[in-house]
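A short write-up of the structure that comes next.
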């Protein structure tokens, strides 16, 4: 009897050691172990996973044998041995709801691919996050919302809200190795609808985001003409005069609205898709398809061009802009700080929205891209790398844009002064102004200084007469003017003033094209990868799936190439998108921080990363982030409800931009689309609560290390048929 008891104790020790390695060591089995922090090989993972089923079966056999031996011995094992793991607790773990399943399907497993290099992963994230529209919006807010004060607010929200939420999305994707559709079901069944919202929002956003690329390609198609059509007004047919519609405005604005968009006067005015934009849109989708059709292997290489080359172009533009006349005037605004902005709720709201959209939170691509990283990858470091890259890029871009705006405002002021001089001379010759109002003849050396000195030296009565006929040329007004179409209007004019203007224009549009294509690569991963994770059979037909989605998105995108398409894009981009994105992020935050448990989640991540994670993150998730997000959402809703919904439209009669209100159905469309999109969340929540599922998970087991996907690799692997078995998770408390 003593010998049998001794055997029982020995077997229990072996069982405890083996099961501990199988549960706490699961990440090491799943992770592609390599000394190189950047490149991983799939060989180790495949080899270890092949032994996983055998080792698990042996462990369970040892466990059962040890339990039977202990029962026969009818003796109590030593307390210090049984405290590690008891047979009873092990048997209970087998009935836990949180288990890792290794499934069988015709003996074939499609193993999850990993990024060939970590640098490819970081480049793709950077390419997805740095959107030209958001970069320009940051500069716009810097100029109009407090300067350095706005930047301080931006950094505060980035540190206490943006970085923690970026880490959250990276961590859940990397831990569970799932796309956005299925991932949130694993963390909390009631939150399964969050993945569907994220997927739908990503799809809708992709339909109109790629229209930007069609505009860029349309401009690039005119590079064989000289001068460029946006630099000079076209001549009328069978006449030597310029088109009067262009003469009433600038060539760049005329080309943008009349030639590129063929814009209607109102959003109600429909029309078929513009053919000159439909073809560039198709070409753009073809380029994206070529980039992503071979999966992560090709995407990583493409991102070298789509991300690194724009940085080189941006650096060239920055150096050139600093040497321009008037650049110093623009750079002065880098040091402007308005203290009143710190107490302005609207400024905080705009800064918060800027952080969320600059990082690309809530759309799903971050989760999907991170799910193809090894579970041992240090995603904490990745988060801070992303934040630093974004902040540095914003500062470089802001410096560049302020220099350009200073130069552009200076040139416009010179032109205004010269035009005023010509007008005054004509008025004096017509006898409408006295000879004392005659302006200086030569303005070549310093037009602004000479003109302003002359104007201020006039007697007050004559000065008032002069200003009644001509506008006052103020460089500050030119600098601060509100421009919603910076990329295609201001910059098109800016490059036309430079030596080698054709080269600079080409570089500028290539910069925009590469950046927008990089964004679309990220969005497409947020659509394709979740579908493949949810429907595993699609992994065998990646090329066919990619082509099908691209064709569907192209057909949907044709709606936004109509004459009124840009007005619908502004409706979605300025009024609708912010609502579902904030809703998604709040749900993600609550799911991890409260439903699953922030401390428990960080403990799971610490096991995977083999290093502790600061508890500050759990406090930010539990208290700071949800409060700030709810506050920002309330401010946004109040702002939308109090201000009329307006859009900048083209007035073809007056050849100018005008501000028009959206029709009443515009607000109705925004509300209905928002409610339809978020519907899965309340449906899932009510369903699970009605079926007795508690809101807050009470299980003490760890999250699944394997969800539906077998271990990661770069190639499909054939395996012998395995009976469906469950690997219990270690008993981890919150």
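Think of each number as a place in line: the chain as shown, counted from 1.
Cβ atoms here come from the backbone N, Cα and C positions, even for glycine.
Predicted, not measured: the structure shown is a model, and the values here were computed from it.
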Review point. Looking at the ranges 221-247, 383-409, 410-436, which is given as transmembrane segment in TrEMBL?
Key: 383-409
**Study point:** Neighbouring C-beta atoms (10 Å sphere around the C-beta of residue 127 (Na(+) binding site))
**Key:** 25
Check your understanding: Given pairs 6 or more apart, does the transmembrane segment (274-293) have at least three Cβ pairs under 8 Å with the transmembrane segment (503-531)?
Key -> yes
**Study point:** Residues from the same chain, set at least six apart from the ends of the transmembrane segment (543-563), whose C-beta lies under 8 A from its own
**Key:** 203, 206-208, 210-211, 214, 261-264, 269-274, 277-278, 281-282, 285-286, 288-289, 292-293, 524, 527-528, 531-532, 569
**Study point:** Stretch of maximal Cβ-Cβ contact with the transmembrane segment (351-371) [cut-off: under 8 Å; candidates 149-172, 305-331, 575-596]
**Key:** 149-172
Check your understanding: Hey, which of 193-220, 305-331, 383-409 has the most Cβ-Cβ pairs under 8 Å against the transmembrane segment (149-172)?
Key -> 383-409
**Study point:** Secondary structure of residue 127 (Na(+) binding site) (DSSP, helix/strand/coil)
**Key:** helix
